[in-house]
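> Sharing a structure with you now.
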Amino acid sequence: MAAADELAFHEFEEASNLLAETPDAVTTSGSGQLTPQGHVAVAVDSGGSYGAEEEVEESDKTALLQEKQQPGFWTFGYYQSFFDVDTCQVLDRIRGSLLPRPGHNFVRHRLRNRPDLYGPFWICATLAFVLAVTGNLTLVLAQRRDPSIHYSPQFHKVTVAGITIYCYVWLVPLALWGFLQWRKRVRERVGPYTFLETVCVYGYSLFVFIPTVVLWLIPVPWLQWLFGALALALSAASLVFTLWPVVREDTRLVAAVLLSTVVLLHALLATGCKFYFFQPLPLEPLAPPPQATSLPLNLLPPPTPRSQVT
């Protein structure tokens, strides 16, 4: 136990010297009370520092609560966060979809749990526009090679392409996300992606078809199918490598059927666009030439007699 002398109030030598030089000086304690001359009181303000820390903690909590408060579903600010990406991020995600690698998860390594709708929206819009334009250019080039082909601008192809692409990018991921959610309840180890992550993966996977559609203007059928098969392989591989970490914990039958369905739907989209937008119009049936009709003998005029030479 500490001695009584240790707990007693002690004067500081330096303070005593200063007070000896300036005897009229007045000192104050930490509590704001005046102390008599010749003595220096040392007080520890135990509550001041803790009060400041509490104020800092309260301000931090307030800032965190303000950050967590997200705008409503019906407001513009709610959707603004899905378009908060820069050019470098979009280009990096496009490169990831063009160069799929086994074991390289597009969602974890490219999206990093921050899906966006900016890239998928403009990729789908560009693909629909390019499909409609190149489909019309194919008919123009075919007409120059064969004048018998009749060409008229087909503006409805823009609408058909837009509806097809956007429905595919939204409805197929919705069905896939719902199926994975159901399988998550059946098998707890299956962890599906969010709906926006699935839409983002599908949107970026269609970028490879934009240059492919432009290359389909080359009037060589086998070369067109070669470009289409290469684009389909890259796009489907990007989807399979991304979905495989999610479905590999499920049964082999379910995983095989799910991945096969994804690839089949992707192939149907590419093949349908090839047949619909890049088929020349059929030749217009030419009017048959007028044929000479034979008249009955009784309707023929009588022959004129030859004039005799006299």
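Glycine residues also receive a Cβ, built from the backbone N, Cα and C atoms like all the rest.
Because TrEMBL annotations are produced automatically, they should be read as predictions rather than curated entries.
Pulled the feature table from TrEMBL, pasting it below:
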DOMAIN    98-270  domain 'Yip1'
TRANSMEM  117-140  transmembrane segment
TRANSMEM  160-180  transmembrane segment
TRANSMEM  201-219  transmembrane segment
TRANSMEM  225-246  transmembrane segment
TRANSMEM  253-277  transmembrane segment
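Help me picture these features in the structure, burial and contacts included.
Long-range contacts of the transmembrane segment (117-140) within its own chain (CB-CB distance under 8 A, at least 6 residues past either end) are made by residues 79, 82-83, 85, 90, 93-94, 149, 151, 153-155, 157-158, 160-162, 164-166, 169, 196, 199-200, 202-204, 206-207, 209-210, 213-214, 216-217, 273, 276-278, 280-281.
Under 8 Å from some Cβ of the transmembrane segment (225-246) lie the Cβ atoms of residues 96-98, 100-107, 176, 180, 190-193, 201-202, 204-206, 208-209, 212, 215-216, 255, 258-259, 262-263, 266-267, 270-271, 274, all in the same chain and six or more residues away from its ends.
Within its own chain, the transmembrane segment (253-277) is flanked in space by residues 131-132, 134-135, 138, 157, 160-161, 164, 168, 172, 176, 179, 183, 205, 209, 213, 216, 224-225, 228, 231-232, 235-236, 239-240, 243-244, 247, which lie at least six positions past its ends and keep a Cβ under 8 Å from the stretch.
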